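Visitor: In case it's useful when we look at the structure, here is the feature table from TrEMBL:
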| type | residues | note |
| --- | --- | --- |
| DOMAIN | 77-188 | domain '3-dehydroquinate synthase N-terminal' |
| BINDING | G114, V115, I116, G117, D118, T138, S139, K151, K160 | NAD(+) binding site |
| DOMAIN | 191-336 | domain '3-dehydroquinate synthase C-terminal' |
| BINDING | E193, H258, H275 | Zn(2+) binding site |
Amino acid sequence: MDPRLIPVKLPSSQYDICIHSAEGPSGHSLIQLGSQMRARGLSGKALVVSHPVIAKHFAAGLMQGLQTAGFTAQLCLLPAGERFKTPRSIAKIHDAALAFGLERSSTLIALGGGVIGDMAGFAAATWLRGIPFVQVPTSLLAMVDASIGGKTGVNHPKGKNLIGAFHQPRLVWIDPTVLKTLPGREFSSALAEVIKYGVIQAPDVFEFLEDRPKLSRYADFTPADLQHLLVRSAECKAWVVQQDEKEGGLRAILNYGHTLGHALESVTHYRRYLHGEAVAIGMVAAGEIAQRIGWWSVAEAERQRRLIEKAGLPSQWPTGIPWEAVLQAMQADKKVKQGRIRFILPHQIGQAELTDQVNLEQVRAAVEAITAA
Ligand SMILES: NC(=O)c1ccc[n+]([C@@H]2O[C@H](COP(=O)([O-])OP(=O)(O)OC[C@H]3O[C@@H](n4cnc5c(N)ncnc54)[C@H](O)[C@@H]3O)[C@@H](O)[C@H]2O)c1
Ligand SMILES: O=C(O)C(=O)C[C@@H](O)[C@H](O)[C@H](O)COP(=O)(O)O
Ligand SMILES: [Zn+2]
């Protein structure tokens, strides 16, 4: 498969998303990262943030490549999972940065899923007021979404991603061969964000997924299909971020399904749902709300629900979640304006918009309509 390069051009920076699946002796291409970083002007010390499972699979080749390219590299390992996406983990990265002597010209590298990427990015944004940062996403969700666009941060006990910064990476290195070891549930979770691109802006992506006979596992995709999925996802995200880096307007569409999705993750204490699973339920709920305000037809909402289920994702709101808790969590959403909760809702497959024209009774009725019997 030929490598693909997708540039992200922003007012104050520019970087490449490299999709490169050529296998090296270690079974992946991460050994090349060091020389690619050198080619982009990076040098000196590199602190690789990861967690033990990922590091066991992929760190050796990456570290070897960094050393060959002249970097002095060290690993900083953190526990895995959304529950550890906290300020405490950031303090651990900062401690490691201090002990290793990371300077302003040094680089932080995120080797992992979206949790590691968001945390390493935030640590890079805040260490010495901002040092270079490179994303090496190893989960599908991080490849299609989290590693691109510079949103970094951690959770607050009262809400998702409430503490963070915009800090763009210098390079995003995507090697789909690393997905062979990704658990199936994590693969499905990522498809929620890809379906999101289909609904908000890219009918071709939606149809591409609809046309696959099966799509819930790595093995359901040929290398060419997977490459297509990664390229189109990166293009979709880059297209939005290039126009609105800091979410002054358009970028909010990337939050489709997230208003209720983030609330659901938070009220279930990040233990019950993966991010993409909660977003999938949030998208079904948003489809239901859109129907109620006359933006969407029953047929389109049904089409979205079918694709979500085909991807192996949940489509029903769980029973036993107190509505007051959901409301409180939604109040902490970053799209809230003058106290009003706002939603991204679809007009048709391929077009969605931010609106405050939804009342909470409509939201509650939509949630009840999709609650498991
Ligand atoms: N910054 C953004 O723009 C953005 C966008 C979307 C999501 N996110 C954030 O991303 C996070 C979700 O990311 P995620 O779904 O990658 O979760 P994650 O980072 O928890 O990774 C999922 C799990 O898969 C494991 N894993 C990752 N790659 C693997 C591989 N190649 N082989 C074996 N195991 C592997 C990880 O160790 C982890 O246990 C959430 O915190 C979400 O808020 C951020
Ligand atoms: O990049 C964005 O912008 C997104 O909204 C992408 C989302 O998929 C992602 O989950 C993001 O972290 C949510 O951002 P938040 O600002 O609602 O925390
Ligand atoms: Zn998301």
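The backbone N, Cα and C atoms fix where each Cβ goes, and this holds for glycine too.
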Visitor: Would you mind sorting out which binding-site residues among I116, D118, H258 put a C-beta under 6 angstroms from ligand 2?
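Guide: Near the molecule: H258.
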Visitor: Between 0 and 100, where does the mean pLDDT of the domain '3-dehydroquinate synthase C-terminal' (191-336) sit?
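Guide: Averaged over the domain '3-dehydroquinate synthase C-terminal' (191-336), the predicted model reaches a pLDDT of 97.
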Visitor: Counting each residue once, how many in the domain '3-dehydroquinate synthase N-terminal' (77-188) are helix, strand and coil under DSSP?
Guide: 51 helix, 30 strand, 31 coil
Visitor: In whole Å, how far is H258 (Zn(2+) binding site) from S139 (NAD(+) binding site) when you measure between their Cα atoms?
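Guide: Their Cα atoms are separated by 19 Å.
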Visitor: Around the Zn(2+) site formed by E193, H258, H275, which additional residues qualify by having Cβ within 8 Å of the site's Cβ center?
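Guide: Near the Zn(2+) site, the remaining chain residues are L141, D145, A192, K196, G257, G261, G276, A278, V279, G282.
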Visitor: Hey, what's the Cβ neighbour count for E193 (Zn(2+) binding site) at 10 Å?
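Guide: Around the Cβ of E193 (Zn(2+) binding site), 28 other Cβ atoms lie within 10 Å.
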Visitor: Could you check which of the binding-site residues E193, H258, H275 is the closest Cα neighbour of D118 (NAD(+) binding site)?
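Guide: Closest recorded candidate to D118 (NAD(+) binding site) by Cα: H275.
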Visitor: Quick check for the class: what is the C-alpha distance, in angstrom and rounded, between H275 (Zn(2+) binding site) and K160 (NAD(+) binding site)?
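Guide: If we compare the Cα positions of H275 (Zn(2+) binding site) and K160 (NAD(+) binding site), the gap is 10 Å.
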Visitor: Under 8 Å between C-beta atoms and at least six apart in sequence, can you list the same-chain neighbours of I116 (NAD(+) binding site), or say none if there are none?
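Guide: Correct list: V49, S50, H51, I54, L78, A110, A142.
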Visitor: Might you list, by sequence position, any residue in that chain lying six or more from H258 (Zn(2+) binding site) with a Cβ less than 8 Å away from its Cβ?
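Guide: Residues satisfying the criterion: V279, G282, D333, I344.
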Visitor: Could you check the binding-site residues D118, S139, K160 and say which one's CB has the most other CB atoms within 10 Å?
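Guide: Neighbour-count leader: S139.
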Visitor: When you look at G114, V115, I116, G117, D118, T138, S139, K151, K160, which the record names as binding NAD(+), what is the longest CA to CA distance in angstrom?
Guide: 22
Visitor: Near ligand 1, meaning Cβ under 6 Å from any of its atoms: which of the binding-site residues G114, D118, S139, H258, H275 fit that description?
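Guide: Cβ under 6 Å from ligand 1: G114, D118, S139, H275.
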